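Have a look at the structure below before the remarks.
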Amino acid sequence: GVPCGESCVYIPCFTGIINCSCRDKVCYNN
């Protein structure tokens, strides 16, 4: 639920390495 400051419209979340995942075109961490 916390925004990771990254979008994932065209590319995946690079912040995935710190448990961030794509949701509604924005990367979130829980």
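Keep in mind that glycine also has a Cβ here, set from the backbone N, Cα and C atoms.
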Disulphide pairing with C8 per Swiss-Prot - partner from C20, C22: C22
Candidate cysteine (C4, C27) that Swiss-Prot pairs with C13 in a disulfide: C27
Residue pair C20 (disulfide bond), C8 (disulfide bond) - Cα distance, angstrom, rounded: 11
Cα-to-Cα gap, C22 (disulfide bond) vs C13 (disulfide bond), nearest whole Å: 7
Neighbour count (Cβ, 10 Å) for C22 (disulfide bond): 18
